[in-house]
Ligand SMILES: NC(=O)C1=CN([C@@H]2O[C@H](COP(=O)(O)OP(=O)(O)OC[C@H]3O[C@@H](n4cnc5c(N)ncnc54)[C@H](O)[C@@H]3O)[C@@H](O)[C@H]2O)C=CC1
Ligand SMILES: O=C(CO)COP(=O)(O)O
C-alpha cells in the first residue's frame with residue numbers, strides 16, 4: 001500500500017492528509033510533540049481554521065516519532081510555515097529514503113536568505129535525493145478543500161517524471177494535480193501572491209470597489225511577474241494556476257489569512273496585535289520583506305510591494321499609502337514588461353542578500 005507522511009499538524013498538513021484519506025493509502029502525520037499528536041488524534045485542533053465539526057478521518061495515524069512517521073514512505077509532504085522549513089528539514093532529513101518523493105507545500109521565502117523552500121530542502125538533504133524534491137502550490141484555501149469543494153493544484157519538479165509521480169499520488173476525487181517542470185515559477189507564484197492578497201485585504205477593508213480591486217490585482221500580478229521572471233520563473237507559470245490562479249483565490253477570499261491581515265490593518269489594528277491574535281500564519285508579511293529586498297538589489301520596480309513594506313515595517317499610514325498608490329503617476333502599461341521568450345534564457349543572477 002502507498003505510504004505517505006505529512007510533516008506538520010498544521011491547517012494545510014491536516015487538510016492534505018484528510019484529502020489523501022479519500023483514497024486507500026497509509027497516512028501518517030508527524031506532530032512536534034506527543035501532546036500535539038494526542039490532540040490531533042482526538043481531533044482537538046489548535047487552529048480554528050478547519051470547518052466546524054471536522055474530525056480527523058479514521059486510519060490517519062499521528063505521531064511525534066520521526067522514524068515511525070517517515071521511514072519507508074513513498075512521499076513526505078512538508079506542510080509547515082516557511083520560516084520553520086529549515087528547522088523541520090534538519091530534523092527529518094535522516095529519515096528520508098532514497099526513493100521517497102519530498103513535496104514542499106509551504107508558500108513563502110526564507111527571511112535570512114531569500115531562498116525558496118526547494119532550495120532549503122536541497123541544502124538540508126543528501127545530494128542523491130535532490131531529484132525527488134517537488135513543490136505543490138495552487139489556489140488551495142484549506143477550508144474549502146476540507147469542505148469538499150473541488151479544487152486543483154500544481155506539482156512541479158525539475159524532472160517531469162517526478163512531477164507526474166507526485167501528481168498521481170496527490171490526485172483524489174475533487175482534488176486534482178496538474179504538473180509543471182518550472183519549480184521556480186510555481187514556488188514564487190505561491191509565495192509572492194500573498195503580498196498582493198495582503199494588499200487586496202486593504203483594498204476591501206477601505207471599502208474600495210471592484211474596479212479598484214481589479215486594477216490592484218492586475219498590477220500586482222505585473223510586479224510579481226517582473227520579480228519572478230528576473231529570478232528565473234517562466235512568465236507563463238506565473239500566469240497559470242500557481243500564480244494568477246492563486247492570486248485570484250486569495251485576493252477574493254475572506255478565508256485568506258493574508259487578506260485578513262490587510263483588512264485588519266485598515267481598522268487601525270497594529271501588525272503585532274494582528275499576528276498575535278490571528279492563530280495562524282500569514283506568510284505575506286515576511287514575503288513582503290524578502291521581495292522588497294530582492295527588488296531593491298535587483299533594480300526591479302515593485303510599487304505595491306514597496307508601499308506594503310513601508311506599511312508593515314515602518315508603520316506608514318494605510319489610508320494615506322493606498323491613496324498615494326492609486327494616485328501614483330501611471331506609466332506605459334507595458335513598461336518594464338520585458339519578459340518575452342528571450343527573458344527565459346536571460347536569467348539575472350540572484351544577489352546574495354544579507355537580511
Ligand atoms: N491554510 C491554507 O489554506 C494553506 C496554507 N498553505 C501554506 O502551508 C504552510 C503552513 O500553513 P498553515 O498550515 O496554514 O499553518 P497554520 O496557520 O495552521 O499553523 C501555523 C502554526 O503551526 C504550528 N506548527 C505545527 N507544526 C509545526 C511544525 N512542524 N513546524 C513549525 N510550526 C508548526 C506553529 O505554531 C505555527 O505558528 C504555509 O506556508 C502556508 O502558506 C498552503 C496552501 C493552503
Ligand atoms: O495559499 C492559500 C490559498 O491558496 C492560503 O492563503 P492564506 O495563507 O492567505 O490563508
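Each residue, glycine too, has its Cβ placed from N, Cα and C.
In TrEMBL, annotation is done automatically, which means it is predicted and not curated.
Annotation source TrEMBL lists domain 'Glycerol-3-phosphate dehydrogenase NAD-dependent N-terminal' at 4-161. The NADPH binding site feature in TrEMBL is assigned to 11, 12, 32, 107, 142, 257, 281, 283. Feature annotation from TrEMBL assigns substrate binding site to 107, 257, 258. Summarising the annotation, TrEMBL assigns domain 'Glycerol-3-phosphate dehydrogenase NAD-dependent C-terminal' to 182-321. Sequence annotations record features per position, and here TrEMBL assigns active site, proton acceptor to 193.
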Neighbourhood of ligand 1 - recorded positions from 142, 193, 258, 283 with Cβ under 6 Å: 142, 283
Packing count at residue 12 (NADPH binding site) (other Cβ atoms within 10 Å of its Cβ): 24
Neighbourhood of ligand 2 - recorded positions from 11, 12, 32, 193, 258, 281 with Cβ under 6 Å: 258
Most distant Cα pair in Å, residues 11, 12, 32, 107, 142, 257, 281, 283 binding NADPH: 23
Cα separation, residue 258 (substrate binding site) to residue 281 (NADPH binding site) (Å, whole number): 8
Rounded Cα separation (Å) that holds between residue 12 (NADPH binding site) and the residue listed as 'active site, proton acceptor': 17
Residues close to substrate site centre defined by 107, 257, 258, Cβ within 8 Å: 194, 197, 198, 250, 256, 281, 282, 283, 284
Confidence summary (mean pLDDT) of the domain 'Glycerol-3-phosphate dehydrogenase NAD-dependent C-terminal' (182-321): 97
Inter-residue Cα distance where the pair is residue 258 (substrate binding site) and residue 32 (NADPH binding site), in Å: 25
For residue 283 (NADPH binding site), the number of other Cβ atoms found within 10 Å of its own Cβ: 23
Residue among binding-site residues 11, 258 with least C-beta crowding, 10 angstrom cut-off: 11
The residue listed as 'active site, proton acceptor' and residue 107 (NADPH binding site), distance between Cα atoms, whole Å: 9
Pairwise Cα distance for residue 257 (NADPH binding site)/residue 193 (active site, proton acceptor) [Å, integer]: 12
The one of 32, 107, 193, 257 whose CB sees the fewest other CB atoms within 10 Å, among these recorded positions: 32
